[in-house]
Amino acid sequence: MGKQTASKRQSLHHKHKVLKKVAEHHRKVKRFAKQHPELNKSRKDPGIPNLWPFKEDMLNKIEQQKQKASEEKKNKKEKRRLEQMAEARRDIASMAADAKRRESEFQERQQLKQQQKQQGKFEKEGKDSSLKQFYREVKKVIEAGDVILQVLDARDPMGCRCLEIEKMILERYTNKKIVLILNKIDLVPRENVLMWLKYLRNFYPTLAFKCSTQQQKRNLGQQGGIQPELASNDMLNSTESLGAEQLLQLLKNYSRSLNIKTSVTVGIIGYPNVGKSSLINSLKRTRSVGVGATPGFTKFAQEVHLDKNVKLLDSPGIVPIKGNVDENIILRNVVKLEKVLDPIAPVDAILSRCSQKQILDIYEIAQYQSTTDFLTQVAAKRKKIVKGGIADLRSTAISVIRDWTGGKIPFYTQPPKVLVKSTLLSQFSDELNIDQSDLISTVSNQNTSFASLKYLEPKQQELDNSLFDDDDEEDEEEMEDEDEDDDEEEEEEMEDEEDEEDEEDEEDEDEMEEDSDSEALLKYQQQKQVVKATAKQVAQIKSKSQNLKDENDQFNPQSNKQLKKQNKKLKKKFGIVSTSSKQVQDDDDEDDDDEQEEIDQDDEDDEDIDEDEAF
């Protein structure tokens, strides 16, 4: 423990004693100042004496010095002020130049953004490796399939129908049959489904379908006994699939009409998120392939055996985009929303297509005046707020687009009024045995809970056929390279065999040179030629024997007599005979034994006759 400090407390006697001494000291100082005032008075400048002869000149000189000092001080002050003003002007000029430069940069950025908006609202992937891979997989499915099922979204069938793919199939693969599957019929009114079926059946056989939405892995439910387009609301709202029975019957009719004894291969193509994988799972009644709401979930072709007669091929989603991309492509859920640069523009398109009453009923918000006002209210309701209490409009817009593609905002499109008759339909209908009669003559369209969109001639996205052509060229180049590699391998194998034969011949010749003279070598070469000729003849006889219908002709001793002689010579010289030659030799030996037995029997008979004659 440290040493304690002394206390500062003191007695009152000592305290007052100190105060008295201090007061006494102050009195003494005041008394001394009064008694000696000259010591404390400051001396004044006496100035120039009056008796100084040049007093006036001296005063003028002093005055001039004062004026000069004041002028110098004033000049310094003015110079300092001018310097500050010049520096301020330089700062203003630099600031103006900097502002002008930043303004030009801002204008350039705005022009670049405007160009990007005109060219497309999202970062276009182009012909990258993944897109080429998707097209290769789609091409494999089209080439392998006997029947091509193009799955369409019932809400916008023409928007997700790829006419370029259909044209390519009809031109390149004339033996392929195209069938349209109108999926997701539970998301649109029944009248609209019937109208679209009536329109699409003017081009290809078309079936309505509803995929299963059950979550279990096996034993997915199926409903049958009724046409899907005529099903009740309870059947449409259930989780079981509709239309599987009609589709399977159509495929069986196709195989029966063309007398196909093997299994029918069915290729399934379509835009992303139209329900291709869900269609396969509904037909298989198990979760055979994975499904997801993100475009591009299926990346490779997948084969699923439905039964011994039907084989299904799943393919990646087709994105046949060659030109610019507008809001319609984004609203069809063809591209990933994370890559969309301006998701507010598609939301503006959604609000323009739907009535405000419908939007207010769905999102339960107050009336809005603009798209930004709508997104701000939805962001506040869904708590999409960023730092500073600002609404996150981008993420809110993406969520609204997902509501549109996911079915939370119901909508449907009207088919065109002008129907284009097609000559291909009758041909397909006869082979597939599908009834193409008109379902209804007139239908009503009075449903306010849906966003009804009038049909506009859609700007069909052009398919970049160069991807398929490049794939063909690459396949041909690969085939040529493989053929060249096979030829090179065969040539190398032939050269290796010849080298081995030459080495064996050299070894045999060396041995013969050591054991015999030149005459023996000549004889050996002659024998070698005979062996080669015999081997060739044996090979020819073996190939001919496979084509003979009569089994007895294969081992005819008369036709193989020359071969028998040659094999005997080989056996005497080398002690080896080939398997085919050995078989012929065995047959010939058996024939010789039979002949020898007959001769011996004849000799015995002759001896018996001679003995009889002797007796």
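Quick reminder: no glycine exception, Cβ is built from N, Cα and C everywhere.
Here's what Swiss-Prot has on this protein:
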type     : residues                  : note
BINDING  : 183-186, 270-277, 314-317 : GTP binding site
COILED   : 53-105                    : coiled coil
COILED   : 473-556                   : coiled coil
COMPBIAS : 10-34                     : compositional bias 'Basic residues'
COMPBIAS : 35-46                     : compositional bias 'Basic and acidic residues'
COMPBIAS : 54-111                    : compositional bias 'Basic and acidic residues'
COMPBIAS : 467-518                   : compositional bias 'Acidic residues'
COMPBIAS : 525-540                   : compositional bias 'Low complexity'
COMPBIAS : 562-574                   : compositional bias 'Basic residues'
COMPBIAS : 586-615                   : compositional bias 'Acidic residues'
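What Swiss-Prot annotates, mapped onto the structure for a quick look.
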{"residue": "ASN183", "record": "GTP binding site", "DSSP class": "strand"}
{"residue": "GLY270", "record": "GTP binding site", "DSSP class": "strand"}
{"residue": "LYS276", "record": "GTP binding site", "DSSP class": "helix"}
{"residue": "ASP314", "record": "GTP binding site", "DSSP class": "strand"}
- Which of ILE185, VAL274 (the binding-site residues) has the most other Cβ atoms within 10 Å? VAL274
- Message: Applying a 10 Å Cβ distance cut-off over all chains shown, what neighbour count does PRO316 (GTP binding site) have?
- Response: 25
- Relative to the Cβ position of GLY270 (GTP binding site), how many further Cβ atoms are located within 10 Å? 25
- Item | ASN183 (GTP binding site) CB neighbourhood, other CB atoms within 10 A | 27
- Message: Over the span of the coiled coil (53-105), how high is the average pLDDT in this prediction?
- Response: 89
- Message: Across the compositional bias 'Basic residues' (10-34), what are the DSSP residue counts per state (helix, strand, coil)?
- Response: 23 helix, 0 strand, 2 coil
- Inside 10 Å of the Cβ of ASP314 (GTP binding site), count up the other Cβ atoms and send me the figure. 23
- Task: Run through the Cβ atoms and count how many others sit within 10 Å of the one on PRO272 (GTP binding site).
- Result: 23
- Composition by DSSP (helix, strand, coil) of residues within the compositional bias 'Basic and acidic residues' (54-111): 57 helix, 0 strand, 1 coil
